[in-house]
Amino acid sequence: MELFLQQVLNGLTLGGVYSLVALGLTLVYGILHVPNFAHGAFYMAGAYSAFFLINRMGLNYWWGMAGAAVTVALISVLSERLVFHPLRKAPYLHHMIASIGILLFLEAGAQALWGADFHRMDTPYTQIVELGSLTLPAQRLLIIGAAFGLVVLLQLFLKKTVTGATIIAMAQNREGAALVGIDANRVAMLTFAIAGALAGMAAVLYAPINLVYTSMGHLVITKAFVIIVLGGMGSVPGAIVGGLIIGFAEAFGAFYISTDYKDIIAFALLVLILSVRPQGLFARGAH
Amino acid sequence: MKLVNARTGWSLLLLLALAFPFMAGNDYHLTVMSTAYIYAIATVGLNLITGYTGQFNLAHSGFMAVGAYTVGILTVDHGVPFWAAFALSGLVAAFIGFFVGLVSLRLKTHFFSIFTLCVGYIMFLLIEKWESLTHGTVGIVGIPAPESIGPLDFSEPRTQYYMVLFFLVASLWIMHRIVHSLLGRTFVAIRNGDELAQALGINLMRNKLLAFMLSVFFSGMAGGLYAGYVRFLGPGVAGVEHTFDMTMYMLVGGIGTLSGPLLGAIAVPWLTQYLQFLQEYRFVVFGPVLVLLVIFLPHGIVGTWLNRQRRKAALPATAPTPAPRLAAVPQEKGARHA
Amino acid sequence: MLEIESLSKRFGGLTAVNAVSASFARGTINAIIGPNGAGKTTFFNLVSGTIRPTSGRVLFDGRDVTGLRADQAARLGMARTFQTTALFDTATVLDNLIVGHRLRTRSTLVDVILGTNRLRDEERICREKARAALDFVGLSHLEARVAGDISQEERKRVAFALALSTDPTLLLLDEPAGGVNPEETDGLAQLIRKMAKSGLTVCLIEHKMDMIMNLADRILVLNYGEKIAEGTPAEIRANPAVIEAYLGTEHA
Amino acid sequence: QEVIKIGFSGPLSGGAALYGKNVLSGMQMAAAEINAKPLDIGGKKYKLEIVALDDKYNPSETGINVQRLVQQHKTAAVLVPHSGGIFAVQAFNEKSKVLLLAYTSLPQATERGNTLTVRIPPDFTGYIGPFTKAMMTRHGKNVALAAADHDYAKAWAAAFKPAWEAAGGKVVAENPMSYNKATDFYSGVSRVIQAKPDVLFIGGASEPTALVAKQARELGFKGGFIIIDQAKIDEMAKVVGGLGPLEGSVGVMPVSGDDRPEPAAFTARYRKANPGKDPSSEISLNYSAVHATVAAMKLAGTVSDAAAIRAKMDQAFKTLPPEHNPNDIEGLDAKGGTVANTIIGVVEGGKIKGQFLRALNAAK
Amino acid sequence: MLSLDRVSLSYGSFRALHDVSIHADDGELVVLLGSNGAGKSSIFLTMSGLNRASSGSIRFGAHELVGRKPSQIVADGLVHCPEGRKLFPGMSVLKNLTLGAYVHRSDSKGVKRTLDEVFELFPILHEKRESPAGSLSGGQQQMVAIGRALMGRPKALLLDEPSLGLAPLVVKQMFEIIARINKAGTTVLLAEQNAYAALNIASRAYVIEQGRIVMEGGRDELLNNPQVRKAYIGA
Ligand SMILES: Nc1ncnc2c1ncn2[C@@H]1O[C@H](COP(=O)(O)OP(=O)(O)OP(=O)(O)O)[C@@H](O)[C@H]1O
Ligand SMILES: Nc1ncnc2c1ncn2[C@@H]1O[C@H](COP(=O)(O)OP(=O)(O)OP(=O)(O)O)[C@@H](O)[C@H]1O
Ligand SMILES: CC(C)C[C@H](N)C(=O)O
Ligand SMILES: [Mg+2]
Ligand SMILES: [Mg+2]
């Protein structure tokens, strides 16, 4: 039983981080209609910024996270301005290749700045919480709490605020949004900023139990794509549910079946679900 | 008139390619070129499904790996002669492509892309994990060079070059036939609007499946050549980054054109060779170059040139030239809601 | 030649087409009218195989075609145009039309690779068909233009030609004169008449009453997915249910 | 004064960049030392240059790179630090007459009879017996396998398992994990811990290996780790926060922890040239390989004849001055693999205790 | 007062508008007639800032609109109800309408009031307020589009072919509603194919052909002009 609960916890940890990354991706997809392959590099950039702020500048963990969120938001907005905005009328293949260009640049840039070494990020939460026979590292609990807190905040922001509604409006009809007085550029930048900040925070949450290195984004980005397709591209609840599905599939797959095959399990799951529901779990039948 | 131009162009290119080993003078240049040709074959295949039919397949390098492993496994583990194994490489890829296509081609736009991204990843993982068949991460060592045919000994870089060139030319020739035929028009019709194409009596599934299988056939064949050329195989050949590379070749040259992907597949590897001096920092340069290219030459080199020609031919001299509308690439459907 | 038996389509809770029965005779022009959202386009989609009906049957030339895919229906001789005129915008007008006849050809990959005579003949036939269709709609001079660049009315005509190039016996036209000015509308009406004269059965959806009343042999009126009237223009014009639901008093 | 070049093709960008750069840094350190003194081969004066090309771990790019090194830079020797690239180069290196310095401990690299290959790291099979013995006596007979799933680690596990069982041990769980690609090891580690092993067999690149060890401790594992030689105990200690969590583990002795005079001097030199970094065996072994190659050139009196150089490599290693041979390589075996009396390290009381492999093997 | 002074517009190398000058006084209802592709929508798009004029000037009240962002123009009180509706298909009708009042978002009372007015104008929208806009029929969507434009409390309203694809009955209602909106004090610029109905409620009209204004006049003048009758009224 504990072992089962332990896996639940794991699933939540992974699912939480995946959801955060996938959320940004799905929001940007909503605006751009484009898979942003550079999103994984944003995640990586978040980890490096925080690493720099915490381990080199001596800021505390939370300031590091805030700094990372801001930095990545900035990088994200810059790529919107410099790359995706000029491409807004181009077909999606172009965005995709351009986003790979950004990815290559960021990864090589991080290596140029910080070298190829693996780095550890410090966190104040190193204790192990013992709950009955469950051992719960505090950082993992923090990840779960923070990730889902952020998700709820984002959902509230999108659903309850006018600014949030403008993001959705833009996603559904860019010109229509402009015609009611929504400043399209502002919303695009805002969306990119939010997506970047989420990726940055996800990285800072997760990095202390993993490592900081230039290709760390690869691990999450493919899964984030699986998640948003699974959940229905552009769908916020879809990204969350998809994140949890993949998180649990990995945790339970690795535990009960085999670590060797856990990735295959996650991808096979996607193949299976899409074969039955080609638009993903949460897509609206808008066509 | 135009046809003659195209034909002389191609003939000139062929002559250049034939003369290349004599001008290159060293094996390094031959190796770069031969490898580029191998990827060009796969790219030309990718272009059929992505550029002409509008379904962007991200599992393409997975199929290349299928072809390569067909040759690797058959020659190393079963003693099958290279050429016999090679003959199967494209077919095995197309065979697997049939099943993958059957499921994946029901999906559209990004869904298809991401689905195939996952399929490609599964292929990679299977190659890595299925050790009894693929030798897993250790890879397949000691793939024999293609057996000599008559006086042609394929362990020499120069003959290898001509061998690869031969298959490249054959691939281009077949591709040329396909895209300029009714069949090619059918594919393009699906790319340009599948609902309309279906209303015109075009069986979407059958045609997309055919394009998909043809496309991966080329990829598998390229994989077979790769196996005989590099003579070592690891799961890495299936890596999605190779599909991204090929997509980039297509885009740089001009997607949905015949010569564009070829041009890209040859030009980009040479460019990266020239950027080698930057070592690990070359992507700091290469990344932005890629972005600029996509922004300022969206139709690629060949595409931009062709578009200009086409407009010139289509419009009477006096009529105003309308704004360029995008050609040749699957258009984003999202904007069509409402 | 086209018999509809109690055709229905539900989208979730909404019944877009509700037990509609109708029959259309060969060589006639039939109009389908009704308020927005009445289910006209859905009705077309059901007949042409774009979507599957929830229940009911479609008989085409006595043959049950219910649930066939759109491409199969097209092969049997049904051609349609779309409410938002769909063309292959990036191709030239002629290239648009050449594909139109593809469904009547049999060349396969083998023909393509071997370059057989069959392929060559069929390509020639497709081209001839395309030219003939273009000539029929009076746009021969446009064949080299890129389809995305021509005017709205020309687009409508090319869409007709595209439908014609499939060698159909039944034409389904969804708002063929939508967004076209009165003068040009007359031209299109004449073209439709010409098509019917050549033996085609025409079904069209239109909101332009003047055009419909002059053009149609019979009119079918839908409202909330249900058939509320059917008859000659004169009958429809006088039908109180139609006046109330659709025409308003002015046109009566 | 002429230039001789030794080539390198390995990952300098992407996920394995660190590994490639470490290898390269060892080579460059050797080159700097060689150039500090006059270099005289066959009566001519030379300067040594390392030409490095990035291949992103991709075998076909290794092939292209090595061709380029041979054709454009006329290198008589190239060093490749990954098995895939090595196998790709072996398809043509004899024909192209280039000496392949293969940095991989996969036995196949030399098993297949390539006459121009030298395998730089010693065969790992020598570690198995002593590791087994050390851990079985200390912790118990139940081992769980949770090393990485790449070629090298799998080969290790495959050789280890029968040896452990032959020594009377039991393998209670087997769960190789993707150290490079997995986001999290928690589930995989809890899966093996569930089988209540006394010893955990782990290893891949140092940093993820450290994470695995750390998570095992977090999940309550109290036994010892057998750490395969790819992971370095000192590098792991940096990640897990000291040697504490690694208490009772066995692995190869890190160069920086080796207090014999030559390794210690080497470590000091390296630290001086690369502040803040410790030399791993990637660095020291390839450092020696470059020294040995140049020595072999001197012995053979040629800078271009690969076969002649290859013929003198054994002698070159044997005569390498101790300061150039921190790993104490004793020469080459018949197939071209290095032979060394490596020391293994056992973490005991917060320190790494070194023991000679050969002594341990003999005691068995 | 809304006026265009020698406005030109190009799409790439194609010149869609040539020195177009038109104006509408406050409270006027001005119609733009022209066949397909004449440039009516282009005029509107240029006014609302979605396209940028290559030369000329557009003045609205005290503002020069060329170079102004669409969002600012809406805030100025010039609202464009576009051809093709451009709704937010996945959002409810209510959300669509609320977003129409985006520039007045701080005035929630006022928004509520306008919303009630819109529902009064289009009762069906009240009934469908929770349905996604994309699931409505063409005519209903057109009503949402107009309603959404009204939510911006425009001083001047640009209506681009509001009757496109609508049933005759609805068209009739539509023109009545437009007339009512205009009577309530909103300046209306109306582009229409349905020239007769449009002219009937208009005060003045322009005829545009191939990007040029070719005729201008009062309602009756144009209604009685034989050329206009032949080309645009069809009787
Ligand atoms: N795919 C769909 N999913 C859900 N509802 C749909 C779908 N297609 C149509 N509907 C609904 O079915 C009803 C009929 O739509 P249809 O498009 O057939 O109307 P129409 O008569 O063609 O109207 P119009 O004259 O405005 O084009 C409408 O209420 C519409 O919202
Ligand atoms: N985005 C665009 N790119 C290129 N050309 C365009 C674009 N939009 C419009 N045009 C061209 O500009 C001209 C004027 O178009 P516009 O849409 O303004 O006409 P309109 O009078 O509104 O016609 P309609 O009655 O069909 O709506 C047409 O020739 C059209 O093809
Ligand atoms: C430990 C190393 C010698 C193994 C190396 N990673 C290889 O590819 O073989
Ligand atoms: Mg309709
Ligand atoms: Mg218009």
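Cβ atoms here come from the backbone N, Cα and C positions, even for glycine.
If you look up TrEMBL, you'll see B:316-328 marked as compositional bias 'Low complexity'. As annotated by TrEMBL, region 'Disordered' applies to B:316-338. For B:34-51, B:58-76, B:82-103, B:110-127, B:161-179, B:209-229, B:249-271, B:283-306, the entry in TrEMBL reads transmembrane segment.
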Feature contact check the transmembrane segment (B:58-76) with the transmembrane segment (B:209-229), CB under 8 Å, 3 or more pairs: yes
Outside the transmembrane segment (B:82-103), six or more residues from its ends: residues with CB under 8 Å to it: 59, 63-64, 66-68, 70-71, 74-75, 115-116, 119, 143-147, 149, 208-209, 212-221, 223-225, 227-228
Positions whose Cβ lies under 8 angstroms from the transmembrane segment (B:249-271), at least six residues beyond its ends: 9, 32-33, 35-37, 39-40, 43-44, 46-47, 50-52, 172, 175-176, 179, 191, 286, 293-294, 297, 299-306, 327-329
Recorded stretch, among B:34-51, B:110-127, B:283-306, maximising Cβ pairs under 8 Å relative to the transmembrane segment (B:58-76): B:110-127
Beyond the flanks of the transmembrane segment (B:34-51) by at least 6 residues, Cβ under 8 Å: 57, 60-61, 64, 157, 160-161, 164-165, 167-168, 171-172, 175, 178-179, 187, 211-212, 214-219, 221-223, 225-226, 229, 242-243, 245-247, 249-250, 255-258, 260-262, 264-266, 269-270, 328-330
